[in-house]
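According to TrEMBL, the protein carries these features:
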DOMAIN    8-447  domain 'Major facilitator superfamily (MFS) profile'
TRANSMEM  54-77  transmembrane segment
TRANSMEM  84-104  transmembrane segment
TRANSMEM  110-135  transmembrane segment
TRANSMEM  147-165  transmembrane segment
TRANSMEM  177-198  transmembrane segment
TRANSMEM  262-286  transmembrane segment
TRANSMEM  298-319  transmembrane segment
TRANSMEM  326-348  transmembrane segment
TRANSMEM  354-372  transmembrane segment
TRANSMEM  393-417  transmembrane segment
TRANSMEM  423-441  transmembrane segment
Amino acid sequence: LTGTLILSVFTAVLGFFQYGYSLGVINAPQKVSRAPWNHDSAEDPAASSHILTMYWSLSVSVFAIGGMVSSFTVGWIGDRLGRVKAMLVVNVLSIAGNLLMGLSKFGPSHILIIAGRAVTGLYCGLSSGLVPMYVSEVSPTALRGALGTLHQLAIVTGILISQVLGLDFLLGNDEMWPLLLGLSGVAALLQFFLLLLCPESPRYLYIKLGKVEEAKKSLKRLRGDCDPMKEIAEMEKEKQEAASEKKVSIKQLFTSSKYRQAVIVALMVQISQQFSGINAIFYYSTNIFERAGVGQPVYATIGVGVVNTIFTVISVFLVEKAGRRSLFLAGLMGMLVSAVAMTVGLVLLSQFAWMSYVSMVAIFLFVIFFEVGPGPIPWFIVAELFSQGPRPAAIAIAGFCNWACNFIVGMCFQYIADLCGPYVFAIFAALLLVFFLFAYFRVPETKGKSFEEIAAVFRR
């Protein structure tokens, strides 16, 4: 573990830190972060609460539209510019998006915030593809699993910091909310300058560009004094395998019966991650704690962020010890039980005051079980389900599916919560049961298996 490797991985995962910050910041004290809509509607008293809810839901979910649009271009931009240059260029989107939100007090606030969230979403869609690509390519084989799960840790750290800064005595007040919304631009600037010090991926230089000497130089910087020839030999083998296997298009992926089972599993793990209800917690937990009768809901939300971060660290170690499938199933079942408990707590709150504690504990358990399996696993199991040829297309459609589901939850949850009241998490409980049954019968164990062995499981 050299200094250059640590710098490179840290710099790359700053992209996921910004993703986490953007997820969590909108959940700051919502009365304050709704201030721009209230301010704009004060000039037009005819603006109903329905329009305010629509603006608010759109500002939450437009972030995911940006991610959906840009997730398809990750492979193209990563191959065209190289991993480091691509991350440098897309940072401009993050800086622009954060400037729009930071300056939203000086213009039509709601339009600037929605535009800023959309541009930041474009950045996060690209970053969420480029970062794992770069980190996996610069990491030595023995550390690839551990370093590959750091992006999930960066996400939850971003969520936690945005929640702490959202406290009313820090930035979560009427004066400072534009700064709170635009602050992840600081991480974008830091990443921009640190990327100038990072070496290009040796795998990209050797396999894509055929630049042997440059790949060796890059490896020496990343590995220190050790002889690069062993890794160069591995790359040569990978290059030959890639050349022997034709690239598969997105259309072929859906039309060929050979890939059908793997595509269904890849899409379902993404759908189960988003429709489990986790983003409803991340986006709206302050609101949920208020309904549950918690005195200081903002501090309870920060508690969720702390628990989230601790169990992400634990899952980094668990994922290599236990199997992917068993952790995924355990996580889904734990979330299902927690969602039922949350519903019971919210329904009976009017009869028993102590039910607010049941709801709180259920929310904490819900987050813990998410981080055990359904949180980190969908991000890397897709790469394990497909070999070199179909992998880029599979990652693109899995990314698009994840962002599309994220958008649907962000856009619809507030309306469904208003409609269903305390029964809203019963819907997620029903979905979690469906996902558990699907995973039990369809998702194979991928830990320690070659692509041929995984393909054989699908054929069976």
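Glycine residues also receive a Cβ, built from the backbone N, Cα and C atoms like all the rest.
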*Under an 8 Å Cβ to Cβ limit, what residues of the same chain, 6 or more beyond the ends of the transmembrane segment (326-348), are close to it?*
269, 272, 276-278, 291-292, 315, 318-319, 355-363, 365-366, 368-375, 377, 421-426, 428-429, 432-433, 435-436, 439-440, 443, 445
_Would you say the transmembrane segment (84-104) and the transmembrane segment (262-286) are touching, if the rule is that at least three C-beta pairs must lie under 8 angstroms and be 6 or more residues apart?_
no
*Determine which recorded stretch among 54-77, 147-165, 177-198, 298-319, 354-372 has the most C-beta pairs below 8 angstroms with the transmembrane segment (84-104).*
177-198
*asked:* Using Cβ distances below 8 Å and needing 3 or more such pairs, separated by at least 6 in sequence, tell me whether the transmembrane segment (298-319) contacts the transmembrane segment (423-441).
replied: no
*What stretch of 54-77, 177-198, 354-372 shows the most Cβ pairs under 8 Å to the transmembrane segment (393-417)?*
54-77
*Could you pull out which residues elsewhere in the chain have a CB under 8 Å from any CB of the transmembrane segment (354-372), counting only those six or more residues past its ends?*
152, 156, 276-278, 281, 285, 288-289, 292-294, 300, 303-304, 307-308, 311-312, 314-315, 318, 327, 330-335, 337-339, 341-342, 344-346, 348
